[in-house]
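As given in Swiss-Prot:
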ACT_SITE  Asp260  active site, proton donor
SITE      Cys180  site 'Transition state stabilizer'
Amino acid sequence: MTSKINKIVNGPIPDSFLFDESKRLDSLKFDGTNLEVLDQLLLPHEFKYIPVEGVSDAFAVIKSMQVRGAPLIAVVGSLGLLLEIQKASELDSESIIQKINFLISSRPTAVDLRNSLNGLKPILESQDYSDVVKLEKCRSYLLNVYTDEKLQNRILVWNAYQELLSAFPDKEKLTVMTICNTGSLATISWGTALGVIRALHSENRLKLVYVLETRPYNQGIRLTSIELLHGEVPFKLITDSMAAWAMKNHQVDCVLTGADNVARNGDTANKIGTYMLAVLCKHHNINFYPVVPFTTINKNIATGEEIKIEERPSAEMLRVNGVLIGNSECPVWNPAFDVTPAHLITKILTDFGNWPPEMLEQQIPK
């Protein structure tokens, strides 16, 4: 799959680019037969890796948001299924398809998980292979989800970094704003938007990052801040409601976000609050860039109107670390995502090039 979609901007990528992995936190540990994931609900107070032994465990850690981030949950779901298939002595296609659908239901908005797991179905439904060959092909495919993510993430970060150099040729260092967590805790490599920020810092092209706390789940303050502290990246944490004032009073050059689901026309679903940032960027004439791997493109939907928005429990808004901060009887609306319309997006930065939204559909690899 990777060879079909690679489009490296201003390549080749130098070996020195983001070579120091000691500055990176690891979201999981996998040795081929054992999988452990970092329990992100315990961060920043405790770093604890918990075992994932199969599909049920993978579903649980994804559903509970012990792991989160579209690329990461795709890998965890795939490896959870791989661990079960590795133990199987014979193929049970119907059971595997049931497990695929079960895993996909854990986070319905995040398309990476769906895209990755649905890629198994043509193998299972093929009449060209014996059951023994199908089983081996399934194992190989699921392992490749893990290995491909590392390769594609490096290309994605490089391409996006090159776009920023081109967009701001007269600026030595950039001031960037971001939301949620899109770094190594959301992927198995450097990350999407935060990976680009880490690249800017490593190349001495970053002045400052404004990090939104990202209510109600606080991924900015709990996760992004510890990644940036660990990497010694200059940043300031702000509340979500401070974004407009920060844009007005400080020179924010661009906003970089991740994405969980991108329609063919470029409409982009991401963490709730992203649409707000895009509207503010339009008003303040600031570039707005989603940083998006190929696996996040949803070729099955034409516009953002078709994206199903997950709604989370009211307790996630009313409680912080288990402590009730509002009346337990408060009525709550808690969508996990919003959709930014394509016309508010400067470019969508991908591992197959950097594209204005209106050009995305014709550039999506087949």
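Using the three backbone atoms N, Cα and C, a Cβ is placed for every residue, glycine included.
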Cβ distance under 8 Å to Asp260 (active site, proton donor), same chain, sequence separation 6 or more: which residues?
Ala70, Thr109, Ala110, Val111, Asp112, Ala269, Asn270, Lys271, Thr296, Phe337
Give me the non-local Cβ neighbours of Cys180 (site 'Transition state stabilizer'): same chain, 6+ apart in sequence, Cβ-Cβ under 8 Å, ordered along the sequence.
Leu212, Thr214, Gln219, Gly220, Thr224, Thr257, Gly258, Asn270, Lys271, Gly273, Thr274
DSSP on the residue listed as 'active site, proton donor', three-state: which is it?
coil
Name the secondary structure element type, per DSSP in three states, that contains Cys180 (site 'Transition state stabilizer').
coil
